[in-house]
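What follows is a short report on a single structure.
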Amino acid sequence: HRPGRDCYGAIIQSNYYHYSNFVGDNFWTAPIVLIVIGSIIFVVACFGCCGAAKESPCMIITFSIFLALVFLAEIGIGIAGYYKHEELSGILEKGFNKTLDSYATDKGAQEAWNLVQSEMVCCGIKGPEDWEPIYKNDTVPRACCHRMPVGVNKCTREYASTEGCFSKLSSYLGSKSLILAGIGIGLAIVQLIAVLLACCLYGSFRRQYETV
């Protein structure tokens, strides 16, 4: 069992899930699948070890079939990560506009904007001027002002970050989805090698039984 698979999925899921207000829950399907596959592989690996120890062709071929299914799932994760990367800009644009429109009345949208503006060191979708329709003046959320002068308590466009959150979060999550795709494909290649080795082991056991 290689613990990295479910660890990668858990890290991605726990560290970046709070951006789901902007990208939707479907974006996080691949990390969840990665966690599930990591758990399944532990059981499959035990099965393979027992088959090798007992020199059982039946257990080895069953192990190979399970590994082949996992291989296909990991290829699917890689493809999903790539396509999510391609669709990310459109998904983010829709999510940002939706949460900005509901900001005044939706506490979840307010918390999401506070998080992204604090963590990404940004303000608004494309800049602090995006908040004018909400505040009706030059005031912006406190999360936009990361370096307030001493004695100034009101966060305005004058002190806000000039860079918008769309470009920053798009670049940030885009790199994570490509990493996820790379992990999925890389693990799939290792899995394929394991399937081929298990098939060779199966053939060796079969020849031994036929000789006996």
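Using the three backbone atoms N, Cα and C, a Cβ is placed for every residue, glycine included.
Noted in TrEMBL for the protein shown:
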| type | residues | note |
| --- | --- | --- |
| TRANSMEM | 27-53 | transmembrane segment |
| TRANSMEM | 60-83 | transmembrane segment |
| DISULFID | Cys122-Cys165 | disulfide bond |
| DISULFID | Cys123-Cys145 | disulfide bond |
| TRANSMEM | 178-205 | transmembrane segment |
Spatial neighbours, same chain, of Cys145 (disulfide bond) - Cβ under 8 Å, 6+ residues apart: Cys155, Thr156, Tyr159, Ala160, Ser161
Among Cys122, Cys123, Cys165, the most crowded of the disulfide-bonded residues [Cβ within 10 Å]: Cys123
Cα-to-Cα gap, Cys165 (disulfide bond) vs Cys123 (disulfide bond), nearest whole Å: 6
